[in-house]
Amino acid sequence: MHTQPQSYQAPEQTHMRIENRRIEAGKGGTNLLLIIESRVDTLSINLPTLYSLLFTTNITILMSAPQHRQLRRAAHITKIASIDLCSLEEEDHEDLVLEESGHHPSDIQNEKPNRPPYSTLIRKRSGKVFRFVRPKLADLWHSRYHEASFDLGRRLGIGRRTQSCCEDVCDEEVSVETMAITALPMDVWLKERLKKWVQLSGHEGSIVPATPHTLYKKQCANCGEGRAYKNISKDPALDGFTPKYYDELEKNEEHFIEIEDLLQQFHDPTKTAIMDIKIGTRTFLESEVSNTKKRADLYEKMVAIDNDEPTEEERKCGAITKLRYMQFRERESSTAQLGFRIEAAKRLEGALEKNFKKVRTVEDVTTTFMDFFGTQRSRVRQQLIERLKSMRKAIEHSSFFNSHEVVGSSILIVFDTEKVGCWMIDFAKSSPVPNGRTLNHRTTWIPGNNEDGYLIGIDNLVKILEELPEYGEHPDDQLMVTEEVIARMKNTKS
């Protein structure tokens, strides 16, 4: 039985599809990625001709149908990733069966390199298995075999070598232009990226690198984030203000979406300052607080945070509703007052910081921003103001925001010494407004009106940035320079 893979256009890659029991590739079916895993350390690919080789982020191999037949008969080749199968017109191609196999991205965090990557298996009924990975590169990066050494233009005698490994490949020894690949059982690229990987917020391991330019984000049960991103991608007003959305997948009963890694827009993502700001006066869905049952566990949590908070009636009852607890938590931060709160940040020359629970007032936020922007304050501040004003205008004209409550979303701020970026991220709690009503995102929330205060948060964010002093106007600025120099020296020594 043939399985139709989901139509998917990967970033800067080639689109694959199944059509009439024949595997084809878009864009002429020529430029695909070839990686071989061999049972031996060094594998000489027995291809009669190597037409083209381009080594940038991938390798381009052009092959003809006879070459496919020869390669597929090589018993010592156990896995083929993203090979050009557009010319697979052999008499036995109906014997090919596509099967799904793989593991989920969280395995990468746990360093389980022996698990097979996400892929589609091409399994012959004879039992031989060839692995075909759709060309979105994610599977390759999740494999231990993404690294290979190349010996170009080397003339190799392949007859005797392959004769011992497979049947009916070559009748006599011949010399051909080919390529020797040494499969290195290591994940250098992935380890290097994970070593530099910074996840500001969310559960650890819920977001992992997928490709050099995309991320896998794990989805909770009944999460509509993929649907939200699809709707956003259809809204021209929001173009460029959110990560690009590529795919939604399910593995082992777990759901993931693949989105753009915004940090890859910067020259060196490891040398960027990053801040996650939760936007809105409400960070919970109405459905989450619809239950009016009073709970003792929530009362205990409230008392642990602030023993003076409970009312006399609540103390007698020893229990509170979820709505009461959530509103209390939001008053503890700047969410209720300003319509946003700082979740996490990493300074340009500093470590990740997540302890912003005491940042509540305008003065607290101002001090935090000054520390975060450092000596880049004047430049970053001005560019952020312009970007946020453009974002605000886009939201006001957005069909998506007009018809959706957007709860728990964040503004992601990223900058380095040359560039400043600002985007909206996290749409897991976005949902359509019932009964065709529209939202303005500035009206005060009352149960039932679905208003989220998104624009209240952006309005206040812009206002605070506009009132932020230029660099050099504050007494602490000279101290800031000294701290940055010390931090830079420490990083250089390490």
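Using N, Cα and C of the backbone, Cβ positions are placed for all residues, glycine too.
Look at Swiss-Prot and you will find Ser206, Lys218, Glu260, Asp261, Leu262, Asp276, Lys346, Asp426 tagged as ATP binding site, backed by similarity to another entry. Swiss-Prot lists Lys278, Lys322, Leu323, Arg324, Tyr325, Met326, Gln327, Phe328, Arg329, Lys429 with the feature substrate binding site.
Features as recorded by Swiss-Prot, highlighted on the structure.
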residue: Ser206; record: ATP binding site; DSSP (3 states): coil
residue: Lys218; record: ATP binding site; DSSP (3 states): strand
residue: Glu260; record: ATP binding site; DSSP (3 states): strand
residue: Lys278; record: substrate binding site; DSSP (3 states): strand
residue: Leu323; record: substrate binding site; DSSP (3 states): helix
residue: Lys346; record: ATP binding site; DSSP (3 states): strand
residue: Asp426; record: ATP binding site; DSSP (3 states): coil
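Measuring Cα to Cα from Lys278 (substrate binding site), none of the binding-site residues Ser206, Lys218, Glu260, Asp261, Lys346 fall within 10 Å. Comparing the binding-site residues Lys278, Arg329 on other C-beta atoms within 10 angstroms of each C-beta gives the minimum for Arg329. Non-local contacts of Leu323 (substrate binding site) by the CB criterion (under 8 A, 6+ apart in sequence, same chain) comprise Val289, Thr292, Pro447. Considering only the binding-site residues Tyr325, Gln327, Arg329, the residue whose Cα is spatially closest to the Cα of Asp276 (ATP binding site) is Arg329. Of all Cα pairs drawn from Lys278, Lys322, Leu323, Arg324, Tyr325, Met326, Gln327, Phe328, Arg329, Lys429, which the record names as binding substrate, the longest spans 20 Å. Between the C-alpha atoms of Ser206 (ATP binding site) and Gln327 (substrate binding site), the distance comes to 26 Å.
Here the binding residues for ATP are Ser206, Lys218, Glu260, Asp261, Leu262, Asp276, Lys346, Asp426. Their largest Cα to Cα distance works out to 23 Å. Of all the binding-site residues listed (Glu260, Asp426), Asp426 sits in the most crowded Cβ setting, with the most other Cβ atoms within 10 Å. Residue with the densest Cβ environment among the binding-site residues Asp261, Asp276: Asp276, by other Cβ atoms within 10 Å. Cα-Cα distance from Asp426 (ATP binding site) to Gln327 (substrate binding site): 21 Å (rounded to the nearest whole number). Here the CA atom of Lys218 (ATP binding site) lies 27 Å from the CA atom of Gln327 (substrate binding site).
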